[in-house]
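One structure is given below, encoded as structure tokens.
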Amino acid sequence: MKRLFLILCLIAAPAFAVQPDEVLSDPALEARARTISKDLRCLVCRNENIDDSNAELARDLRLMVRERLVAGDSDEAVVRYVVDRYGEYVLLRPTTGGANWLLWAAGPLMLLGGLGMGLVYLRKRQAAPEQGSAALSDEEQARLNDILKE
Amino acid sequence: MLKPIGPRDARLYNEVMITELGHFALILAFLVACVQAVVPLIGAHKRWPGWMAVAEPAATAQFLLTAFSFGALTHAFVTSDFSLRLVVLNSHSLKPMLYKVSGVWGNHEGSMLLWVLILTLFGAMAAWFGGNLPPSLRARVLAVQSAISVAFFAFILFTSNPFLRLAVPPFDGEDLNPLLQDPGLAFHPPFLYLGYVGLSMAFSFAVAALIEGRVDAAWARWVRPWTLAAWVFLTIGIGLGSWWAYYELGWGGFWFWDPVENASFMPWLIAAALLHSAIVVEKREALKSWTILLAIMAFGFSLIGTFIVRSGVITSVHAFANDPERGVFILMILAVFMGGALILYAARASVMEAKGVFGLVSRESALVLNNILLAVSAFVVFIGTIWPLVAEIAFDRKLSVGAPFFNMAFTPFMVLLGLVLPVGAMMPWKRGSIARTAKPLIPVFVLALALAGLAWAMQSGRSLLGPVGLFLGSWLVFGAAVDLWSRTGRAGAGRLRRMTRLPRADWGKAVAHGGLGITMLGIASMMAWEAEDIRVVQLGESYEVSGYTLVLDQVAQVEGPNYFATRGTVSLSKDGRPIAKLFPEKRNYPVARMPTTEAAIDGRFLRDIYVVIGDPQADGGWAVRTYFKPLANWIWGGAILMALGGALSLSDRRYRVAAGARKAKVAGVPAE
């Protein structure tokens with residue numbers, strides 16, 4: 001039931017992910033290409049990076065990344081080159097710009113909030129008088145007296 | 001000329017009738033659920049025993065009717081009744097029997113029927129085994145549970161009816177998606193649903209307790225087994241799904257942070273938090289309102305998960321029901337149940353005053369920290385999952401949030417959780433001291449640190465991922481062992497024997513915590529130390545990957561029951577010693593017109609060798625990808641241990657002996 005729409009990619013091109021003929025001869029460049037590819041999205045496959053994707057378009061993107069690397073671009077320049085052509089949508093690791101700071105800060109902020117609330121709660125628990133062991137209220141004392149009298 | 005009715009026609013008539021009766025039973029179950037959602041609730045409010053008593057037979061009837069309906073649909077699949085639209089779209093007469101059966105839930109309509117089947121099963125179980133619950137609480141729980149079934153029966157009948165017929169039945173079906181024709185995936189949805197729906201019990205108990213206005217240790221003792229069971233099923237379901245992705249999708253990934261995966265992961269995290277906080281309610285009568293909130297949220301995330309999967313709102317590789325009508329319906333269900341429960345919570349939560357008092361350093365505090373970390377990590381997954389939607393609607397930005405984000409934003413919380421877990425697990429209730437609790441753990445800490453240092457020195461110094469994983473893994477596993485050992489008391493003699501007599505809950509806790517460590521280690525080592533090799537291989541050519549020698553012996557065309565395949569034969573050896581023959585395949589399913597890759601895996605305790613065969617090349621060779629995946633099996637081994645730990649804990653004496661709950665309640669009265 002999962003990943004059914006992977007079919008789309010498979011139908012598009014029954015090839016498979018990175019092909020032997022794409023691999024660059026320079027291992028350092030190839031390693032950089034792989035790292036960059038892992039953060040770029042295959043646009044027709046949904047939520048798959050171009051490194052894992054079987055689609056023809058992903059292959060084109062992989063070749064484009066390698067072409068730019070061979071041409072001497074830095075990693076950032078390669079990513080910028082791809083984003084300029086395909087938009088921010090290709091980035092699997094969203095930028096921190098604009099409203100996205102909220103996305104990135106959400107976890108740490110919530111942790112701080114949670115810890116703060118937890119601490120307040122714990123302090124309250126610490127201060128609360130232990131029920132049962134504490135002295136009886138007047139009402140309880142009266143009831144106890146009644147019971148003892150019987 | 002009319003033919004006389006022969007035995008074949010009579011059989012055909014019966015089969016047609018079985019399907020129709022199944023449809024009818026489903027409608028009837030819907031009506032029973034309507035009654036059960038209303039009558040016992042009024043009865044409990046007015047204290048009318050007769051009205052409350054309606055709940056029990058109604059829950060049984062609801063379950064039996066739904067089971068009959070599900071059986072009828074299964075029958076249609078098994079006998080390949082191609083007059084049913086659903087069977088045509090998802091089955092084929094040549095399909096193996098296992099997948100004819102699993103085809104029942106391998107589609108939207110059938111899987112929703114499975115959903116309500118499990119829902120009504122849980123409802124019926126609460127009715128059958130709920131004898132020791134106060135009658136009004138039981139009536140309310142069953143009514144709330146039934147309200148959920150009303151919503152989902154309506155969803156099925158009005159938007160996703162599996163019993164729709166075709167006027168002109170075709171000769172054969174269109175086959176189930178070949179990716180789904182796999183044993184791992186055949187049982188993935190049922191387990192996942194057992195988990196999702198199991199959390200509905202926690203929800204029903206929470207809402208019923210809010211209506212009743214009381215939460216006590218007995219309540220927690222009732223809720224915890226349901227949550228634990230749901231969590232165990234979710235663990236198995238998620239594990240199966242991830243294992244399937246690993247061997248079926250052809251590149252050995254095991255988790256993709258896909259919205260649909262996240263949909264099952266969020267309830268898992270919240271359920272993990274809930275089953276820990278319920279311990280505090282059970283043992284110390286504190287954290288009550290927080291536990292109620294978690295119970296509501298856990299089921300809420302299950303509903304959100306159902307919404308994400310069924311509506312296709314957040315487009316993902318899985319979205320297979322791109323039908324807005326269904327999405328809106330589930331969104332309404334979500335709004336009604338979450339909105340209703342949260343309003344009730346806001347109005348009544350203050351009634352639940354806590355009793356236990358405890359210090360800042362105590363087991364209670366440790367469990368609060370556990371809850372914060374789990375809740376925050378679930379929240380991070382949630383934000384990441386819905387952010388593309390939020391960004392598009394609110395800021396008009398089309399963006400993606402993928403695995404790199406989740407790996408960065410989610411992992412730190414899990415590392416923190418792993419760091420504090422062994423100490424927190426050994427902390428005494430009420431008041432403890434970090435120094436005294438941590439003392440027996442010092443050797444474990446040093447050992448874990450040494451192992452991590454060793455790994456750091458031995459690897460080529462690339463990343464911290466592997467060493468951190470090794471540290472956490474050994475810290476958790478050995479920490480759990482120390483925890484268990486320390487429970488046997490001080491005296492030297494007979495400790496081992498006493499260890500075997502510890503309550504099963506203690507064993508369950510240690511096994512589950514150790515399992516978490518093993519999974520963490522497996523994930524880290526696979527991500528940090530994996531080796532990959534992509535090349536063109538000629539027949540008979542040998543090549544090396546991570547010290548292993550592989551030879552592509554031959555490539556042949558073979559035929560399966562409903563597919564054709566290109567099968568390679570690869571010999572795996574190390575230092576001239578043969579290890580295994582591997583048979584990677586590329587399959588083609590002609591009916592579904594779809595190719596799949598079947599990776600060949602030599603799975604061993606410490607590593608997997610994973611081989612995938614690709615396309616033939618112009619020069620006569622074959623494209624072959626080979627992976628060396630260290631500790632791959634540990635990921636799922638850890639998941640199995642976590643599930644086993646949960647099951648052990650579930651079989652603990654205090655849940656098996658129902659009288660225990662009653663006794664505790666009786667004992668509780670004079671103290672007031």
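Counting begins at 1 with the first residue displayed.
Every residue, even glycine, has its Cβ placed from backbone N, Cα and C.
If you check TrEMBL, you get these features:
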- B:105-311: domain 'Cytochrome c assembly protein' (DOMAIN)
- B:331-653: domain 'Cytochrome c-type biogenesis protein CcmF C-terminal' (DOMAIN)
- B:21-42: transmembrane segment (TRANSMEM)
- B:112-129: transmembrane segment (TRANSMEM)
- B:141-160: transmembrane segment (TRANSMEM)
- B:191-211: transmembrane segment (TRANSMEM)
- B:223-245: transmembrane segment (TRANSMEM)
- B:265-281: transmembrane segment (TRANSMEM)
- B:327-347: transmembrane segment (TRANSMEM)
- B:368-390: transmembrane segment (TRANSMEM)
- B:441-458: transmembrane segment (TRANSMEM)
- B:464-486: transmembrane segment (TRANSMEM)
- B:507-529: transmembrane segment (TRANSMEM)
- B:631-650: transmembrane segment (TRANSMEM)
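Contact between the transmembrane segment (B:631-650) and the transmembrane segment (B:191-211) is absent: fewer than three CB pairs lie under 8 Å, with pairs separated by 6 or more positions in sequence. Using a Cβ-Cβ cut-off under 8 Å and counting only residues 6 or more beyond its ends in the same chain, the transmembrane segment (B:21-42) has close neighbours at 48, 51-52, 54-55, 58-59, 61-62, 65-66, 68-73, 75-76, 113, 116, 120, 139-140, 142-144, 146-147, 149-150, 153-154, 156-157, 161, 163.
Residues 195-196, 199, 202, 215, 217, 219-220, 223-224, 227-228, 230-231, 234-235, 238, 287-288, 290-291, 294-295, 297-299, 301-302, 304-305, 356, 364, 367-368, 370-371, 374-375, 377-378, 381-382, 385 of the same chain sit 6 or more residues outside the transmembrane segment (B:265-281) yet have a Cβ under 8 Å from a Cβ within it. Counting only same-chain residues 6+ beyond the ends of the transmembrane segment (B:112-129), those with a CB under 8 A from a CB of the stretch are 26, 29, 33, 55-56, 59-60, 62-63, 66-67, 69-70, 73, 104-105, 138, 141-142, 145-146, 148-149, 152-153, 155-156, 160, 162, 189-190, 193-194, 196-198, 200-201, 204, 226, 306, 310, 658. Ranked by the number of CB pairs under 8 Å to the transmembrane segment (B:327-347), the listed stretches B:141-160, B:223-245, B:441-458, B:464-486 are led by B:141-160. Note on the transmembrane segment (B:441-458): residues 422-423, 426, 464, 466-468, 470-472, 474-475, 478-479, 482 of its chain, located 6 or more positions outside it, place their CB under 8 angstroms from a CB of the stretch. The average per-residue pLDDT of the prediction over the domain 'Cytochrome c assembly protein' (B:105-311) is 88, rounded to a whole number.
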